[in-house]
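Annotated features, as they stand in TrEMBL:
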- 215: active site, proton donor/acceptor (ACT_SITE)
- 112, 114: substrate binding site (BINDING)
- 164, 215: divalent metal cation binding site (BINDING)
- 21-275: domain 'SMP-30/Gluconolactonase/LRE-like region' (DOMAIN)
């Protein structure tokens with residue numbers, strides 16, 4: 001493992017659960033959310049400050065641009081997939097329109113949308129998670145993974161704990177997926193019609209002695225993956241062909257939640273963190289900060305993809 005030298009720079013004030021960071025290449029800005037506050041945040045790297053808007057009163061899981069529009073987004077609010085109109089500047093969004101709601105049966109009470117990402121073909125993949133149980137831990141096997149294609153929703157995976165990181169390799173037709181209650185990164189074959197098959201493990205946190213659990217995920221142009229270790233202080237680069245660790249970046253706070261490549265050359269990384277209380281006590285500052293990460297020899301990645309309605 002060749003450890004690179006990384007510069008880590010804060011670019012936001014602490015959020016409660018900052019996550020689902022997306023690089024909007026068209027507008028050269030990062031878009032990310034604060035889950036429990038129902039807010040979306042936008043940051044341009046060549047200017048100071050972060051723009052914040054309230055989207056709704058329910059937890060917001062993600063918010064991504066819609067192809068062909070500068071003001072329309074697709075988001076997850078509670079159990080609903082929604083369209084959002086926002087000019088990127090105002091402190092309130094202009095409108096929220098429901099597309100579809102999932103898991104409305106009583107057996108799914110307390111569930112909500114969590115991880116999501118748009119794939120390179122313009123389809124939105126997003127999953128759910130269960131509520132905390134009497135012991136405070138998330139109830140396992142209550143969630144599912146869905147794909148929204150031009151307004152039509154299909155369930156692809158059941159019995160998920162906490163649906164989280166997603167990434168795709170267009171050349172090899174592979175999809176990578178994380179259930180945070182499992183210490184693995186999974187790989188699927190993905191067909192042109194979005195069917196996923198042949199589930200395998202490509203990275204094991206325990207075998208590689210990685211502290212914490214897997215959360216957010218992204219892929220670079222060489223096909224290597226970066227995975228966030230929530231409760232583990234690290235962002236970890238690994239080779240999915242052999243499962244070996246290639247690099248690690250240590251942060252000054254433990255709850256690393258999401259990562260995206262960004263910048264004009266897509267050779268910077270944007271990383272969100274959280275300050276979720278453990279045993280009633282949140283981690284100290286700078287927990288919840290969003291970071292810009294750079295190095296002189298970063299292998300670049302890809303910009304975020306827009307949803308095609």
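Using the three backbone atoms N, Cα and C, a Cβ is placed for every residue, glycine included.
Distribution of TrEMBL features across the structure.
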{"residue": "112", "record": "substrate binding site", "Cβ neighbours (10 Å)": "22"}
{"residue": "114", "record": "substrate binding site", "Cβ neighbours (10 Å)": "25"}
{"residue": "164", "record": "divalent metal cation binding site", "Cβ neighbours (10 Å)": "31"}
{"residue": "215", "record": "active site, proton donor/acceptor", "Cβ neighbours (10 Å)": "26"}
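Rounded to the nearest whole angstrom, the C-alpha distance between residue 215 (active site, proton donor/acceptor) and residue 164 (divalent metal cation binding site) is 6. When the Cα atoms are compared, residue 114 (substrate binding site) and residue 164 (divalent metal cation binding site) turn out to be 7 Å apart.
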